[in-house]
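Pulled from TrEMBL, these are the features on record:
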TRANSMEM  26-47  transmembrane segment
DOMAIN    43-199  domain 'Rhodopsin'
TRANSMEM  59-82  transmembrane segment
TRANSMEM  102-125  transmembrane segment
TRANSMEM  137-160  transmembrane segment
TRANSMEM  191-214  transmembrane segment
TRANSMEM  234-255  transmembrane segment
REGION    274-341  region 'Disordered'
COMPBIAS  274-295  compositional bias 'Polar residues'
Amino acid sequence: MSSPRYTTGWVYNLQTVPKSTNAGHVIALASSFSAIALLSIIIRIATRFKILKGIGTDDVAATLSMVLGLVYSALAIYQTRWGLGLHIEDFPAANPVPFSKIQYIGGPIYCLAVLGFKVSLVASYVRVAGFNRTYKIVLMVVMAMVIANQIIYTILLSFACRPIAKQWDPTIPGVCNDQLATYFGLGGSSLAFDFIIIIGLGALFALGFFITIVQGLRVRTISRLRVYTDSEPIIEWSIIEINIGVLIACVPSFVPMMRSASVRVQSIQRSCHSRNASTSKRQSKLITPGTSTSRYSKDFDSPKRSPKVLSPPPPVLGTLGEDRDEQDLWAKRRIRTDGAT
């Protein structure tokens, strides 16, 4: 009997078939949400170049966020090969160190990816409503605070232990910060800035409220973290947050494309209407008054006419033999007439 997918044939150092694994779920989620973010960026950049003839700061920030999100999703998929998705009792004893190395790389990438789509949202505010000087100053202050917050936590996650290698190998002598507190601080501050961006800056980008919900659910999973290798829920919500954030940051750029498509559809409709009207006008000129416009109604409504009697065709001259027989017949009739007289 073959083992289930993403178990003994997939996970390194896994000798026995586990009871269950969520590796397939992680792979499917990472692949699908990354594809959504990538498609959103492609549409966004194509719209900018085709309609607006250029890109701005918000486009660059959203693109960088998407790229970092793809890297984070790829790391999550690779991490399933070292046991991500397995229960703690099935986790191979030789895998915690390589598993933790990948997780260490993913932490700063997550912070910078979240920074990218938040900067994109605030930069979109500046581009749309930056004509008001006071409002623009507020937006720039909020952007600076968001950047500072994410960079601080990127540094904290990157240098949580001294030496750094202790972060993925706890057997090395040294000291580490409380990483659980760091995760809570990062999640709480990100949640606070989400509310500031949504409530304080207006309802234009109220779609960002979904990011706030995702961020809250991610913080909730942190509180349920039992051991370092039990990080599957946090990684999944991080993937969702990054890619949905990129999608939402791209939504305002879809408006010019939709407006252009609407104008094109209306132009096609007007062209079709004009063509139909021209055709009807030409047909009306060909119809004489008092006659029906329908071929079928003409056949049924017009009075029955007597059929035209065709005259018989002219006689066709016979062949040479037939002409001689007729001459002989007339000659015999003439001889009889002469004898009678």
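Even glycines carry a Cβ here, placed using N, Cα and C.
No curator has checked TrEMBL annotations; they are predicted automatically.
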Hey, which of 26-47, 59-82, 102-125, 137-160 has the most Cβ-Cβ pairs under 8 Å against the transmembrane segment (234-255)?
26-47
Overall pLDDT for the domain 'Rhodopsin' (43-199), taken as the rounded mean:
89
